[in-house]
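The block underneath contains the structure these notes are about, expressed in structure tokens.
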């Protein structure tokens with residue numbers, strides 16, 4: 001089943017120039033893509049190529065300058081109030097900048113309960129039980145529930161944001177460099193959790209990343225973005241080989257897992 005369909009999406013930002021006239025900076029240009037239930041897809045690209053802007057459009061935080069985004073066959077622009085509430089529950093995003101994604105005055109307990117209060121019909125006791133369950137799933141415990149964001153490390157706060165997104169059991173989870181920024185042990189744990197969600201609920205995942213190793217370990221399909229366009233799409237096999245210049249640049253930038261020892265006869 002197709003969850004998300006994007007057709008001819010373009011987006012620009014207006015900013016003032018020295019002459020006082022508004023100038024337009026193109027960020028996305030004619031982007032089209034589809035995401036299916038239970039699918040794991042990577043959006044791969046260097047910083048500044050338009051990945052995060054695309055993600056903000058997909059979750060409805062901004063409206064595109066041109067093109068259409070459909071969720072389960074319905075255009076986002078035409079959703080009624082009830083449909084929009086269901087959409088906000090069904091698609092969740094974990095931002096790269098976790099500090100800006102939470103209210104620093106609220107406790108972790110309040111942060112985790114917030115989407116459940118607005119998007120689910122759960123009693124308070126059920127919300128608290130699920131909050132504890134989600135914390136455990138991301139390798140945190142109840143000791144952080146009464147803490148506020150400034151009292152947490154960056155990695156802890158990022159996992160709190162992931163737990164918050166998972167609490168409403170979304171049908172699509174968008175992760176903007178979220179897993180890439182965790183250490184390898186936590187990465188493996190989160191990936192196991194996401195696989196479990198896929199099996200249990202058919203949750204689809206869109207990884208926005210520049211981490212090629214993550215793509216190879218977990219994703220079924222990869223899209224390469226460069227200068228606001230998707231320049232390549234392919235299935236992920238045993239050995240990824242890119243045809244686009246942008247894909248090859250990212251692949252060549254990957255360091256070996258272990259240092260390569262030089263021979264004594266090699267010149268440095």
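Here the Cβ of each residue, glycine as well, is placed from N, Cα and C on the backbone.
Positions annotated as domain 'ABC transporter' by Swiss-Prot: 4-252.
Summarising the environment of residue 49 (ATP binding site), the number of other Cβ atoms within 10 Å of its Cβ, over all protein chains shown, is 22. Annotation comment: Swiss-Prot describes 45, 46, 47, 48, 49, 50, 51, 52 as ATP binding site.
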Within the predicted model, mean pLDDT of the domain 'ABC transporter' (4-252): 90
Binding-site residues: 47, 52 - member with fewest neighbouring CB atoms within 10 Å: 47
Env. residues of ATP site, Cβ within 8 Å of mean position of 45, 46, 47, 48, 49, 50, 51, 52 Cβ: 210, 225
Site of maximum Cβ density within 10 Å, from binding-site residues 46, 51: 51
Winner by Cβ contact number (other Cβ atoms within 10 Å) across the binding-site residues 45, 48, 50: 45
